[in-house]
């Protein structure tokens, strides 16, 4: 193959140009994201039942829906949550390979089967089905010095939210606020004075506020001679507060009427008052944009901003928008940082090449070939429907040091033959390719076989492995192809004939370097000879090193992904149960002032009445937006430090509530915090009280264990709180002719907003809401003052048939996979890995006794899944390397010499991570390196490169032995011959990852994680393997005698390669 392209260089260039074009088109078409899509498809059903308690919502609505969802194809798990605000949701998470569109259709079909069995009020509000992710892509905020918050909320609901929801990639837009509604504020005392009830109000509004479609006159069929046709309209629906105020509640026999305005205040208000947003303490209208399951963050965020820029032209005077919370900024900066790292790596690699090759022509050839290999990789990932993300760009950065190897091996071998034998470039290239084509193919096959098994795993970790592995494998494959086509063609056409002894004739720095390297080579050869004379002792040393490597590996803390500084921290605020929104807003004002006092925080967004744990007047959350990473370079200014600082300040300042700040998880779609997410389950239905006791017991154990940061161990969701219980005397109600339906109407209408009908308002149908006036629902006694009509139409006070008492009740009801559940969250203590913390949780739950279990949620769930795959991952990679080598060498024994090199990389990777953790600890920092996904893909990369170095030596040793040399002589000669290319390619790779190793700023945690693993794995692995690989070859040859078939194949290969070790002098 190589000979064909040496004779036809234009052919080689044509193929390369096609690869370049495909790569460029691929880059332009590839979406950009931080990570590949790792979260499984999720479909959420949301229901509203105003006035319902958490138990009622769960029992009469969510449990009905939940039961019918069992059996949906591809369903992995489901979680259900209901709170006392009358809001509830069922979240269905599917396996990663599930088609979300088909799943949504099946879910909607299942929902339609039970919709008619749900309460009428729930049906009236409707059950929504959405495919949006739970995390926020961005928060759009409207502010104005002219419009009120109510006006901005209504404008956003009418004109902004629909526009944003139509953007491709947007799954849902959540307005923190509500649109306009016609509010009917009823005075119960006036109702009683007129002998009316809430049922009378609802009936009158329903009867007198209806749409009338009257038809037309003169419509066909018509009488002969009809000359006019006209549409008939009639006012049915009411449109103004005045018209609603004139609704007749009762027409008296004396001709007088009782109007709605006689018993209520009527006016435009908000549909819901439970939630509000502020930016730096100033009232705003906030809209959270959530991605669809298949949406791309960068493209969607850009489209949202472009749409807002267009809509801004039509905003009312004084209104403006901004997106202070925008997660796409971190994605963009992360990709930019990795691209800069990629460029730096290429520069460093080419510096190393020039140092060793010492000729601009020799250096130029890899410089041309490497970018083409990378473009080939981009073309492949575009074809596979992948994206430009941190993982694919890391793969491109690491693969530079690998793909440059192929070009270097070819150029170095051609240069060695030209300098040693004085052959012209074309003949030297042909001879060189005859010697190394097998090695190039073997190395490529081994490297690809290492990475391909990574693409076979499932789940979030599997998606990450897949994108990294396929990028590496495709680029390596293109590199090998170019090494056999374009590189030899370039060598034959670009290189010039050089005299023998070329290196010795160099002057200046290169002359000094060559003499030094020759000296190092001779010294290396002597040390290898000593190693080969002490095979038993050195194998004992190797076994000892392998044991140390395994020991260090087993001692590494485990994690899923390193925590990143994403430019913001999440704030959760919770007041005591029963606290009002007024108290919550006052506490949020304190939080805002505390955040403003921290220099690293630029903006603070607060949302009252809503949090990721649940809804309620005592709940709130916030996002503290940090200054740009370039402005936070000092120690203690990262997101983790800021979160700790803000948490400490809230702990010491807030008197009427509790606040905590946490950094977001590395992958936002996997949860709302970077710690552990635990779902404690009651498998035996022992009851809410018993489950609550066990949850509190578990919290105490976790706080006392020393393995968790006590301040972060907390219950998720809403705590139980005092509730008013109405005991209805059924006998008394029956005796007075009062129906439970009327009691329900009175309570629901007075105490919660009752949706009775719609009205047209500025081209949009909006709701008519009935509720008791503010001062009529402040005290328990106000409940008993409500009136209910009896069969005779007489308004009877509720106090005659009911009593009110206080009790402790459930504010939130949660189920996980069908079992009653309670959520907990926690972060490991300093120096404790998530893996250790997760093992401790498992043990503590087991100690709770029978009937109680738990399941992980969010990122913890993916880490638990991925942890069980790690050993399988390494095992498959080793097995793949062995089988590919066995096929290439037609031998079951020679591959063992390559496999034995793998623990040497493990020693370096594990020692490097351990050492860097110790160094950070000495500096007073929290050790941040662990056995996570980046360590795993980094170590697999080291495995492949270590095997590559071993192949370079063993390939030559095998051929030399086939020519009649002993195993020791062959190993020694092969080590001498391949020392220079191994050192050159290995240190080119090592220097290429230095930018990752020393990364700072945005996305630096992941860069340092993979950089540390690969840097030390390759450095220590290379230094050990150049001495031990010849030993492995000799030992394997000693214990596994060469078969006749193996000898025949080796002689044939050596003859074809034309290797003559005694004539080749290393330069």
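Using N, Cα and C of the backbone, Cβ positions are placed for all residues, glycine too.
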Of the ranges 517-535, 536-554, 555-573, 574-592, which one does TrEMBL list as transmembrane segment?
536-554
Of the residue ranges 871-889, 1042-1060, which one carries the transmembrane segment annotation in TrEMBL?
871-889
Flag the pair the transmembrane segment (982-1002) / the transmembrane segment (390-411) as in contact if three or more Cβ pairs fall under 8 Å (sequence separation 6 or more).
yes
Pairs 6 or more apart in sequence, C-beta under 8 angstroms, 3 or more of them: is that satisfied by the transmembrane segment (871-889) and the transmembrane segment (933-957)?
yes
Listed stretch, out of 390-411, 432-456, 468-491, 536-554, 933-957, that has the most CB pairs under 8 angstroms to the transmembrane segment (10-27):
468-491
Taking the transmembrane segment (896-913) as the first stretch and the transmembrane segment (1014-1036) as the second, find out whether 3 or more Cβ pairs fall under 8 Å, excluding pairs closer than 6 in sequence.
yes
Are the transmembrane segment (536-554) and the transmembrane segment (364-384) close enough to be called in contact, which here means at least 3 C-beta pairs under 8 A that are separated by 6 or more residues?
no
With CB pairs under 8 Å as the measure, which of the listed stretches 364-384, 468-491, 933-957 comes out on top against the transmembrane segment (432-456)?
468-491
Below 8 angstroms Cβ to Cβ, which residues of this chain, lying six or more residues outside the transmembrane segment (364-384), approach it?
16, 19-20, 22-27, 29-30, 346, 349-350, 353, 392, 395-396, 399-400, 403-404, 406-408, 411, 467, 470-471, 474-475, 477-479, 481-483, 486-487, 490-491, 494
